[in-house]
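For reference, TrEMBL has these:
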COMPBIAS  17-34  compositional bias 'Gly residues'
COMPBIAS  35-44  compositional bias 'Basic and acidic residues'
DOMAIN    142-216  domain 'Cation-transporting P-type ATPase N-terminal'
REGION    1-44  region 'Disordered'
TRANSMEM  188-213  transmembrane segment
TRANSMEM  225-244  transmembrane segment
TRANSMEM  345-366  transmembrane segment
TRANSMEM  391-417  transmembrane segment
TRANSMEM  810-831  transmembrane segment
TRANSMEM  882-903  transmembrane segment
TRANSMEM  981-1002  transmembrane segment
Amino acid sequence: MPPSPAPYVRQRDEESGGGGGGSGRRASGDGDGSSGDRFDIPPKNASVERLRRWRQAVLVLNASRRFRYTLDLKKEEEKERIRSKIRAHAQVIRAAFLFKAAGERAISGIPALPKLPSGGFGIGEEQLTKITRDHDFSSLQEYGGVKGLSDLLNTNLDRGISGDDAEILHRRNIFGANTYPRKKGRSFWVFLWEACQDLTLVILMVAAVLSLVLGIKTEGIKEGWYDGGSIAFAVILVIVVTAISDYRQSLQFQNLNEEKRNIQLEVIRSGRRIKVSIFDLVVGDVVPLKIGDQVPADGVVITGHSLAIDESSMTGESKIVHKDQKAPFLMSGCKVADGYGDMLVRLNGVATLIGIVGLTVAAAVLNPDGSVQFIKGQTGTKTAINGAIKILTVAVTIVVVAVPEGLPLAVTLTLAYSMHKMMADKALVRRLSACETMGSATTICSDKTGTLTLNQMTVVEAYVGGRKIDPPDNAELLSSTASSLLIEGIAQNTTGSVFVLETGVVDVTGSPTEKAILSWGIELGMIFDDARSKSSIVHVFPFNSDKKRGGVAVYQGGDDIHVHWKGAAEIVLASCTSWLDADGFKQPLTSDKFSEFKKTIEDMAAASLRCIAFAYRLYELERVPNEEQRDSWQLPEDDLILLAIVGIKDPCRPGVKAAVDLCTRAGIKVRMVTGDNLRTAKAIALECGILTDANAQEPVIIEGKTFRTKTDAERDAIAEKITVMGRSSPSDKLLLVQALRKRDHVVAVTGDGTNDAPALHEADIGLSMGIQGTEVAKESSDIIILDDNFASVVKVVRWGRSVYANIQKFIQFQLTVNVAALIINVVAAVASGNVPLNAVQLLWVNLIMDTLGALALATEPPTDHLMDRTPVGRREPLITNIMWRNLIFQALYQVTVLLVLNFGGRSILHLKNDTQAHADKVKNTFIFNTFVLCQIFNEFNARKPDEWNVFSGVTTNRLFMVLIIEFLGKFTSTVRLNWKLWLVSIAIAIISWPLAFVGKLLPVPKMPFGEYFDRCFNYCGKRDDQQQQAGSVALPQVNGS
């Protein structure tokens, strides 16, 4: 007798499906270094070798701290080796336990495991642990199999546990929660210790200690501690600020990781399917599994239909394991590769199986004027050491300022800030760099269902018995034969379920398509549980995204079984040879009738309706394979009898048209890639604004099958022209992504199915759906769109462009400071041997750059202006011509003014009557004050590199440097300035605003400066080679003459 049916669910939308267990392949980077540009690194999935070359190219001191939030290549390789060892050891230990248990049974003849009651349950945690650890099928059988185990756990296999709070708490207390201890996050003191290990800061601390000791010894403790103390205070402040910043970022990343781990899944409690967090599962829960799900805990299969599990994450072997009553054990963390079924949670939680280059710059100014610093017999040892310490501190601080250490901090701050803010815009970032990459996207390949549409489906048209049923729920127009067959097909060939509440309200669960069909069946008079109890399921063919249909064989009695099919209307129709008329009699499907049905499908598709067809056939019971061979049995899919064609309406999301228009204005091409009928896809594309020409032809609109059959060269040629692809499979989406990337597009792809994983991996940015997306799709993606809304995708683009723009702003600001400070100190040191900006002052400048500048510019929110720009290409320089223009203008102005003040400050500031020491102090203080104010005013300019109004959006200001000048003079070697000098300082600094305005009037060439210089050098090199060749040719002629 065929097995009895059991409830199951598989929330997989008909559009994207999910047949095979494709876990997705990662696009391998071109690691052979054969490309023209040594550092032309793909934005995603680059090879380890290319990543290593990139790290070597970045000039950053103490890279281990600065690159804390990027991939550690050595650690990653070490982790993979450790994983392999752990997997091997786990298999050895498991095998040893199995041999030991088998030997004990053979020797002592132990009949069965003892049934030890535990808290009202017939089995304890130890027994569950032993069955789990050993995958002991014989022990499971001794307990009565899955049914016996469920009885011991007080679980009803059909209705689950009761689900009230008291029982959940009781089970959690007895068997534990579905959590396991995690490694604690690093404390603040660890970050403080890492910040202290910065080489430059260590050198400065040593210099500070020596200066402090010598100062106190020579000048006394009252005055001698100022120099060393000021350096030490500045260094400590830099360390504390860096540690606080890193610690806060660490907390943010921990919170985001918790969000990613908190998977929402369905469980059956009190006969009803409800969504709970993975952490709320308890032992005894019944969990429906579907394609793409992650197995949430260790368990056993209750019922399964073509259930295949990818256990590679646990065993290390990349093979798919089929699960049934003979191999029922499921391991937590594995993925469902195919099929669907129910599992019984039997164990959870802890019990489951689971910059030196910068120093050369400093060396050049250690003794720039060539004067002898130490004269034997004339210079005291203390004076010499003091002078050496002074030179060392200045040299090291020049390194601190010269090397843009603030850049990694600014990038991390920008990305962390945008990740936090993007959560509010319904986007969860899984890969940090995806924030910035999304801003460069040139094309978005989007799904239709749920992304561009509301995913709220209803049956609005129905054709049964060759005629239209109006309204579609009018059961009186159906013959009894058609009605019974339709209800049987709807009830059995589904992955949804129906639950009637005590109040009489009907609760329908499943994918949107399944819910629409089940709701239609209920309106036709279907009583779900009764319909399922009248027949039993013999075999299931899960919905397949390639075939676009799913089938089920059911037995109701007699010599035949019914094979029901449901899927894409034109595909199911093509397999039909007959149809059921209005009286319930079978009629041959003539060419005229076929054309009539096809016209019906086309008319519904043109009205933006998703078309689903129902068909069935009889099959002799004696031809059905036995249970052992049934797993490989292919359901017969020919000679079908057409029962019905329905049209399902899924309205466009409000705001999608505006979002698509915004993308078009921003230079981003939106393409629709859907599994729906091409006419339906075209109608929705016209409604959303993706397609503007109603008469568009191939290749603008194309079927996936047509695109798939073309050669690689043909696909590459037409890829950019494609706007709508209908009846596409996940492999078609992958081919389109590959073709677009070959054309230098930065591609973003949305996907929700297991088979979308390869395309999500291959794309520059993979966007999975948070509601309908499977766990496999989410793990393959870079960003999860929490509300499945295309408008949220556009918000991600906006944030991505903001990240890129903020990094550019900070680079412009920091390079201006670097260039100005370096030139001023180097020129002054070479000319006079003294520097106007001392060590402590340079440390304060570095503090401005590394923290305040990064915080101010990295946290700029996105503006509408960003969406008026074209996308940034793959090979466009980070520092644009506009940035070079602004940088050169500001740096030239600052260097000129401050050098004039350095060499002629005494006369300009009317300090000739003062003593030399006091005049130099006032002059240097004025230079420092002016320099700092220039940076503060220039920070406003950096906010809007290409806009006239640099003040838009400004809500805060910083005046902390005023406090430094006025009240910390002893520490920074400054003196109080009178109000006149303050006004002059401010006047000089404020000139940077009108100067920036004037600079923006100057046009810049479109060709990047770097490319222009490369061409010049290449031209000069070629000319020299030609002259050398000409000379070598002429030389024999001269000798011959």
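Glycine residues also receive a Cβ, built from the backbone N, Cα and C atoms like all the rest.
Keep in mind that this is a model prediction, so the values were computed, not measured.
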Residue numbers, six or more beyond the limits of the transmembrane segment (981-1002), whose CB comes under 8 Å of its CB atoms: 885-886, 889-890, 893-894, 897, 909, 922, 926, 929-930, 933-934, 936-938, 940-941, 946, 948, 950
Residue numbers, six or more beyond the limits of the transmembrane segment (882-903), whose CB comes under 8 Å of its CB atoms: 808, 811-812, 815-816, 819-820, 823-824, 827-828, 831, 836, 909, 923, 926-927, 930-931, 934, 938, 941-942, 945-946, 988, 991-992, 995-996, 999-1000, 1002, 1004, 1009
PLDDT averaged over every residue in the domain 'Cation-transporting P-type ATPase N-terminal' (142-216): 79
Counts of helix, strand and coil residues, the domain 'Cation-transporting P-type ATPase N-terminal' (142-216), according to DSSP: 47 helix, 3 strand, 25 coil
